[in-house]
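As written in Swiss-Prot, here are the features:
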COILED    31-71  coiled coil
DOMAIN    140-443  domain 'NB-ARC'
BINDING   Gly183, Met184, Gly185, Gly186, Val187, Gly188, Lys189, Thr190  ATP binding site
REPEAT    517-538  repeat 'LRR 1'
REPEAT    539-561  repeat 'LRR 2'
REPEAT    588-610  repeat 'LRR 4'
REPEAT    611-633  repeat 'LRR 5'
REPEAT    660-681  repeat 'LRR 7'
Amino acid sequence: MGACLTLSFSCDEVVNQISQGLCINVGYICELSKNVVAMKKDMEVLKKKRDDVKRRVDIEEFTRRRERLSQVQGWLTNVSTVENKFNELLTTNDAELQRLCLFGFCSKNVKMSYLYGKRVVLMLKEIESLSSQGDFDTVTLATPIARIEEMPIQPTIVGQETMLERVWTRLTEDGDEIVGLYGMGGVGKTTLLTRINNKFSEKCSGFGVVIWVVVSKSPDIHRIQGDIGKRLDLGGEEWDNVNENQRALDIYNVLGKQKFVLLLDDIWEKVNLEVLGVPYPSRQNGCKVVFTTRSRDVCGRMRVDDPMEVSCLEPNEAWELFQMKVGENTLKGHPDIPELARKVAGKCCGLPLALNVIGETMACKRMVQEWRNAIDVLSSYAAEFPGMEQILPILKYSYDNLNKEQVKPCFLYCSLFPEDYRMEKERLIDYWICEGFIDENESRERALSQGYEIIGILVRACLLLEEAINKEQVKMHDVVREMALWIASDLGEHKERCIVQVGVGLREVPKVKNWSSVRRMSLMENEIEILSGSPECLELTTLFLQKNDSLLHISDEFFRCIPMLVVLDLSGNSSLRKLPNQISKLVSLRYLDLSWTYIKRLPVGLQELKKLRYLRLDYMKRLKSISGISNISSLRKLQLLQSKMSLDMSLVEELQLLEHLEVLNISIKSSLVVEKLLNAPRLVKCLQILVLRGVQEESSGVLTLPDMDNLNKVIIRKCGMCEIKIERKTLSLSSNRSPKTQFLHNLSTVHISSCDGLKDLTWLLFAPNLTSLEVLDSELVEGIINQEKAMTMSGIIPFQKLESLRLHNLAMLRSIYWQPLSFPCLKTIHITKCPELRKLPLDSEIAIRDEELVIKYQEEEWLERVEWDNEATRLRFLPFFKFFGPEWQVSYVR
């Protein structure tokens, strides 16, 4: 064993010697542990600072329409890079620390420890540098306002292309400053507005900003200003707390410096742009406002004279949309499904909301039975169909928004009629008066005015649809009708309160669990044969039984326990020949319609109905007598048109005993009766519709008409008079006044046919509100207005309200009027078989509504013979002539 050698030296000296020899920084090794701890600590500080900065950036970008500064983004990127490098260093940290020896002052692998220590020191410096750079006073910069923010929209849209282009033309070419889009709920107004919004991003329109705001019911000015403010980068916590006046000023200052488009979706009342701070659009500032609403009234209050209606889809478009929603696989699931699917789609009547919801509901139904059941449910009580909870409440908003409570029951009443049923406005008003919706103690004129106002409200709210051809009729969209029935049954809770089973093939009155709860019942257009039994309908006020062609018999007991019945309509029951005397038990009855029945005599019990106000007896081809009618003391309106029995001398006497009579619509076949009626001032005042058929004048051949302020319609067929004149005393002059020139101021419709003695209709000068004139098959008529006769009545310009003129088979007709007329309301002229009529009273200078005018003719040779005052007139009106071939037939008024 050899001797030991002991050497004594310090570790520092060894390391120093090595470092001097290698020219390295020994601190990388000696201070590695300390530097790693410092690096970790500083990195945690940096990450917290990074998180704080990022949070500030996110908040400002999200809530205040700002964009992060480039230096902030660069710093965040650098921090991310450093963090990755830091994490990489930490992966070998434990191994490097284990490599140290001599209490951390030396390393088992000096080179490796040196290099790692150097990286730690450099990382520490980089972290410290980034941390010092991360103290930002501001982290974002306000961004320029985006010109347009595109809205999400469903990929499949059907049937809006034409409407979209029309609206776009209004905005960009026609110069309309405010465009109103109105239509019923679920028709696609919001979708259309969304497409308009997105179209601005496709087109270079020159607008600085396009703003979208959803308004909804009960507009919240503060919220709407807030939505506009956010779009204009005015929003923020501080601005949110500013009062509305200051916010309006801020909005005005921004919008007043640029062209803008404001899109307001779903407005229910006038939106005051001034209160919002929105400059009013004008041609000078070039700004636009487009809004959607369910009410045409709102369009008027927004100062839009010509709003654009968004209508339901056409049948082919509706079917296309429905197919998309159902899917090809389902439609091909069975050969019968496509035909059934068309019927289901038809129940939606082109309403996109219903087509979408019902189509999606049926998308997985691949059994024929499921489709048949769907048709059955939609036909009987659609509210129970799956998905209707997504449709009916949306439509109900329009009902809820009816401000007058009086209007709501009138609307619900319209649901008693069949689908797509055309309701006569005045008949509807008569129902409402009898039901008590309109005060029956008002004068007839005032009650009618209220009724027409209610109809107008419902039409403008898109809850009723006005007929395009016959303005005196309205109808209800089928889905809106289902909504009304749902409401009438207390949202489905009390279905028996309002029973409507129309056109479903009933052969008897339906079974009802609780007759005492029934208030209204409509069984129109069925096949009921007998009304028997004695149902205790103590609350029933309305019973519609129209057009049950098989109805033969009503038992004596049927009316015994219906004491509250107000309206009974039995019209159109062509097999019904008798009414029971027990009708006298209907002590509350105010309205009775027996038109188009085969009843020969009115029951004696009818005379006991002391509250009966309205009695209609039209087209009763076997009616022989209504004697005793004077005993119906409360009668206010009697209608006896085109029945076997017409007005006779004794009936004139009876009618004069009816003290409360206000309206008389009557047919007459005798000249003596005409004379007697026209000499009964109180009855003349009641005349509203006068039909003369087969009246042959027995004296002078002149029909002299007195002043008839309420006369609305005149039909003269196969009569022998050679002239119609106005009573002389009507035209007499007083010492201070000129002749009266408007003694038929309510007359709107005149139909004359097969009157071979008449040569002219100059008396029509005194009908200033005439809208429809038909003259047919009268071989001696030479002119509508005779110039010589008219010259004695200077200052009267005829036909200022005329909309429709029909002239047919008038062999001698040479002139309508001897000089051009303005015809400001004229829409259609029908001329057939009038070979001598060579000239129409038209002139190129008159302001006629030529965008609607149609001039129909049937003979090409007639058009070739038409004479024009000048070439300008010919060029203007020739495009409005439309040829109708021999298949076109003239329709005659019954």
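Glycine residues also receive a Cβ, built from the backbone N, Cα and C atoms like all the rest.
Around Met184 (ATP binding site), a 10 Å sphere centred on its CB holds 24 further CB atoms from the protein chains shown. Around Lys189 (ATP binding site), the C-beta neighbours below 8 angstroms that are at least 6 residues distant in the chain are Leu181, Tyr182, Gly183, Asp265, Asp266, Thr292, Thr293, Arg294, Val310. The average pLDDT computed over the repeat 'LRR 7' (660-681) stands at 93. For Gly186 (ATP binding site), the same-chain residues that are 6 or more apart in sequence and have a Cβ closer than 8 Å to its Cβ are Leu351, Pro352, Leu353, Ala354, Ile391, Ile394, Leu395, Val479. Neighbours of the ATP site: apart from Gly183, Met184, Gly185, Gly186, Val187, Gly188, Lys189, Thr190, residues of the same chain with C-beta atoms within 8 angstroms of the site's C-beta centroid are Thr292, Arg294, Val310, Leu351, Pro352, Leu353.
Non-local contacts of Gly188 (ATP binding site) by the CB criterion (under 8 A, 6+ apart in sequence, same chain) comprise Gln160, Val310, Pro352, Leu353. Proximity of distant same-chain residues to the coiled coil (31-71), defined by a Cβ-Cβ separation under 8 Å and at least 6 residues beyond the stretch ends, is recorded for 79, 82-83, 86, 89-90, 93, 96-97, 100, 104, 113, 116-117, 120-121, 123-124, 127-128, 130-131, 134, 136, 138-143, 145, 230, 233, 235-236. Long-range Cβ proximity for Val187 (ATP binding site), meaning a same-chain Cβ under 8 A and a gap of 6 or more residues, is found for Val310, Ser311, Cys312, Leu351, Pro352, Leu353, Cys462. Within the same chain, residues at least six positions away from Gly185 (ATP binding site) with a Cβ under 8 Å of its Cβ are Arg294, Leu353, Ile394, Leu395, Tyr397, Ser398, Cys462. It is Gly183 that, of the binding-site residues Gly183, Thr190, has its Cβ surrounded by the most other Cβ atoms within 10 Å.
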